[in-house]
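Pulled from Swiss-Prot, these are the features on record:
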- THR60, ASP81, ASP106, ALA107: S-adenosyl-L-methionine binding site (BINDING)
Amino acid sequence: MADNKAKKEQVHDVFQNISGKYDRLNNIISFEQHKTWRKRVMKEMNVKSGSKALDVCCGTADWTISLSKAVGHTGEVIGVDFSENMLEVGKRKTKDMHNIQLVHGDAMNLPFEDNEFDYVTIGFGLRNVPDYLATLKELNRVLKPGGMIVCLETSQPTTPVFKQCYKLYFKFVMPIFGKIFAKSKDEYEWLQQSTFNFPDKEKLKRLFNQAGFSNVKVRSFTGGVAAMHLGYK
C-alpha cells in the first residue's frame with residue numbers, strides 16, 4: 001500500500017508539472033502518431049450515437065473530445081483524471097462542448113455507480129496507475145453488462161527492427177525531449193520508467209481476462225510501439 005501511495009503521489013506531481021506542455025510533448029514524442037492510433041481505435045469502436053461514455057485518465061481530454069463527437073448531442077461523455085492541472089487544460093479545450101463533463105477522480109476508486117456506462121476508455125493512462133489489475137476491475141464495475149472497454153497504450157515492439165529503433169529512441173532521443181520539456185529529472189525519468197515497466201500486449205490481455213472482460217481483441221500499431229485492447233463485460 002505504501003508503494004501504491006508513493007507511485008500515486010509521484011505520478012500526480014509529474015502531470016501537475018507538465019500539464020501546460022503535455023499536448024505539445026505528446027505530439028513530439030509520438031511524432032503525432034497518437035492521433036492516428038486514436039482515429040483507428042475510434043473506427044474500431046463504432047460508437048453509437050446517444051450512448052454514455054467514460055474516459056478514464058482523460059488528461060487534457062483529447063479522447064474525450066473524440067467520444068463527444070461520436071455520441072452526439074443526445075449522448076454524454078464524462079472524463080475523469082486525478083491531475084487538477086491536466087483537467088484545467090481539458091476544460092479550456094471543451095468549454096463549448098455541452099455533452100462533456102470533466103471531473104476530478106481516482107481511476108482505482110471511480111465516483112460512479114455500478115453498470116453506468118456503455119463505453120469505458122483509458123488512453124495512455126493505465127501505465128500510470130499503481131495497480132493495473134485493480135484498475136481494470138474498477139473499470140469493469142462501472143461498465144454496463146455488454147458494454148465495451150477500450151485501452152490504447154504504449155507497448156513493447158514485437159518486430160526486431162522496431163525493437164532496436166525503440167531502444168535507440170529512448171536512449172538518445174528521449175533525453176533531449178526530457179531536458180527541453182521536463183522541469184525536473186523525475187518527470188523525464190517517469191516517462192521512461194512507465195513505458196518500459198508496462199506489460200506487453202499478451203500479458204495485458206491476460207489482465208483484461210482476469211478483470212472479467214471477454215472477447216478481448218488486441219491490435220498493434222506502428223510495429224508494436226502502441227496497442228489497443230478492446231473487450232466486453
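Placement of Cβ uses the backbone N, Cα and C atoms for every residue, glycine included.
Everything Swiss-Prot records as a feature, shown here on the structure.
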residue: THR60; record: S-adenosyl-L-methionine binding site; DSSP (3 states): coil
residue: ASP81; record: S-adenosyl-L-methionine binding site; DSSP (3 states): strand
residue: ASP106; record: S-adenosyl-L-methionine binding site; DSSP (3 states): strand
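Minimal Cβ crowding within 10 Å, among the binding-site residues ASP81, ASP106, is found at ASP106.
Residue environment of THR60 (S-adenosyl-L-methionine binding site) contains 27 other Cβ atoms, counted within 10 Å of its Cβ in all protein chains. Under 8 Å, Cβ to Cβ, and six or more positions away along its own chain, ALA107 (S-adenosyl-L-methionine binding site) finds VAL56, CYS57, VAL80, PHE82, ILE122, GLY125, VAL129, THR135, GLU138, LEU139.
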